[in-house]
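Only one structure is covered here, and it is reproduced in the block below.
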Amino acid sequence: MNRFTILAASAAFTLANPVATALAHGSEDHNHDHEHSESAAETAATVAMPDANAKVQAGDLTLGAAYTRATLPNAPVAGGFLTVTNDGTTDDRLIAAASPVAGVMEIHEMAMDGDVMTMRKLEDGLPIPAGETVMLEPGGYHLMFMRLAGPLVEGESVDVTLTFEKAGDVTVPLSVQAFNARAAGDDDHQADPHAGH
Amino acid sequence: MSDATMDATSRPRAAASDLYRAVWRWHFYAGLLVLPFLITLSLTGAAYLFRDEIDAIVHADIKRVAVQEGETLRPEQLVASALTSVPGRAVKYTDPPAADLSAEVTVASDSGQRMAVYVNPYEGNVLGARPDRSTVMWTVRYLHSLRYFGPVARGIIEIVGGWTILLVGTGIFLWWPRGQQGGVVSVRGQPRRRIFWRDTHAVPGIFVGSFIVFLAITGLPWSQVWGGKVNEWANGSNFGYPSGVRVDVPMSGQKLTDQAQTSWSLEQAQIPETTPPAPEATPIGLDAAVARLEGLGLHPGYAVVLPSSPTGVYSGSVYPDDLSQQRVVHLDQYDGKPLVDMSYADYGPGGRWLEFGINTHMGQQFGLANQILLLAVCAGTILLAVSAALMWWKRRPSRSLGVPPMPQDPRVFRGLLAILIVGGILFPLTGASLLVMLALDMGLRRLRKPSLA
């Protein structure tokens with residue numbers, strides 16, 4: 001939880017002071033209604049959206065473009081996405097993830113073989129080779145929020161603590177984008193009102 | 001013709017041997033046509049007997065889950081999870097048939113494809129997705145019926161079914177003991193001799209033959225022309241439900257079989273309609289529908305087709321190995337009341353027998369014993385095909401097909417013809433193919449006559 005440095009000024013929020021985040025996206029008409037989130041855990045973690053392009057430094061690793069997606073009604077799981085750049089000379093490995101909004105988090109890989117899609121847990125974690133950038137994105141590697149405490153609401157943000165073999169623990173805020181977003185800051189998609197039926 | 005079958009007394013020999021030759025000739029033709037298909041039917045059928053087991057192994061990554069203590073997630077949660085991974089409209093929810101299997105959500109995806117999405121019922125994470133009905137066993141099933149290759153090929157398999165019955169009938173005639181030493185229940189000679197292969201064909205044949213006829217007959221209801229017509233005739237009334245079932249509700253005209261797999265007897269069954277709702281009416285939702293269906297006692301592994309319009313219904317159906325548990329229930333989507341509720345007991349006696357036959361054909365009726373017995377029949381059928389080919393190979397004259405000789409007196413054909421005509425009318429595609437074969441045979445004879453005379 002400790003060794004991270006916040007690079008982007010707009011992401012300068014603290015858990016203790018969610019009001020400070022209001023400066024992040026003043027132009028957007030996001031709904032800041034927090035009435036739905038009454039559990040203590042969620043209130044602590046759900047803060048208004050930070051800059052989606054904020055970067056977080058952890059040792060040799062730079063984490064960026066971190067986002068998740070608004071959940072459909074009833075959805076028990078959600079995916080988390082970000083990029084991890086290793087500027088160091090030694091390989092690292094993402095071995096665990098945790099979030100106050102999820103009872104369990106796993107690191108998954110989605111793979112397509114023709115029309116066939118499979119999703120599997122990466123039991124040994126995700127290697128972050130020296131000098132490379134690993135993308136966790138829809139259709140590939142991703143974080144999996146499981147046993148969600150409540151819905152993820154577009155425009156808010158959830159904290160995820162990633163554990164790297166060498167760089168240790170680092171907490172990144174994931175902005176909650178539209179349920180069908182394909183990238184951080186991608187909020188052009190129209191939500192399908194029938195999708196949950 | 002060096003068989004011991006010919007060394008009986010000499011008096012009625014000519015006629016008897018004529019008949020023998022006629023039957024043999026047609027057994028040969030039938031075999032020639034059917035043999036390759038019997039091999040593919042046996043191989044695909046043998047595999048399909050163990051479809052649940054094989055699918056669970058081949059598709060373990062999407063089908064198997066670790067059993068966890070406690071409740072599984074609600075169906076609406078599993079559907080939401082599936083739609084998160086595969087955006088689209090949920091069409092059908094299939095309950096996990098066992099505690100260690102995944103739930104299946106069928107999604108009409110935004111990309112236009114119908115996808116089967118497999119969800120862990122305990123955690124709600126999506127395990128994988130693939131085009132609907134694309135698992136190994138669905139492919140094997142479509143190969144078995146040749147549906148994989150389109151309607152013409154499906155017609156061929158129907159002809160094969162009819163010819164197979166002819167093949168077994170003529171085979172039994174040829175096997176019938178005529179005073180020879182051995183070759184009835186024992187095998188004579190060595191593999192290098194033809195008689196060894198004749199006996200290896202005839203002796204297992206007499207054991208396997210009745211099962212082959214059973215499989216051909218119980219397979220024919222699925223066939224395109226004959227099966228299709230018989231189905232329309234047998235199940236076309238009462239909106240496709242057995243006559244005892246109460247169906248005094250509006251019907252949508254849509255068939256059950258268009259949305260989910262159903263039994264043979266319900267292929268004509270229509271899906272009822274919910275009465276047009278009050279404007280503020282809201283559907284009860286999948287969770288409530290499932291609770292209702294489970295309350296009505298649907299066997300685990302049921303499928304629920306979701307309403308796709310304001311007048312649609314929740315259609316729960318299940319066809320487990322245990323026939324008596326077959327059930328179809330349509331629920332009003334606004335008040336959850338069952339509009340139509342049909343179970344196996346509602347079928348008439350004919351329908352019950354037919355479903356019993358199909359269930360046995362599919363290896364479901366008697367559990368593992370059923371699967372193993374039919375596996376043995378499949379192996380036996382392949383043995384028959386191989387021994388048939390080998391005995392023909394050893395007998396055939398050089399540079400000729402080696403069709404068995406024509407009888408001296410063609411009148412012996414009459415009885416045989418009568419049977420073929422009746423059979424040909426009952427099974428039109430087979431009958432048509434018989435006529436073609438008969439014409440070919442006569443043409444062949446005309447051509448040959450000068451050289452034979």
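The backbone N, Cα and C atoms fix where each Cβ goes, and this holds for glycine too.
According to TrEMBL, the features are:
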| type | residues | note |
| --- | --- | --- |
| TRANSMEM | B:26-50 | transmembrane segment |
| DOMAIN | B:75-129 | domain 'PepSY' |
| TRANSMEM | B:155-176 | transmembrane segment |
| TRANSMEM | B:202-222 | transmembrane segment |
| TRANSMEM | B:372-393 | transmembrane segment |
| TRANSMEM | B:413-440 | transmembrane segment |
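Counting residue by residue with DSSP, the domain 'PepSY' (B:75-129) contains 11 helix, 25 strand, 19 coil. Same-chain residues lying 6 or more positions outside the transmembrane segment (B:26-50) and placing a CB less than 8 Å from one of its CB atoms are 137, 140-141, 143-144, 156-157, 159-160, 163-164, 166-167, 170-171, 174, 215, 362-363, 371, 374-375, 378-379, 381-382, 384-385, 388-389, 392, 403-404, 416, 433, 437, 441. If you look at the transmembrane segment (B:413-440), the same-chain residues 6 or more away from its ends with a CB under 8 A from one of its CBs are 22-23, 26, 29, 33, 155, 158-159, 161-163, 165-166, 169, 220, 223, 225-226, 407.
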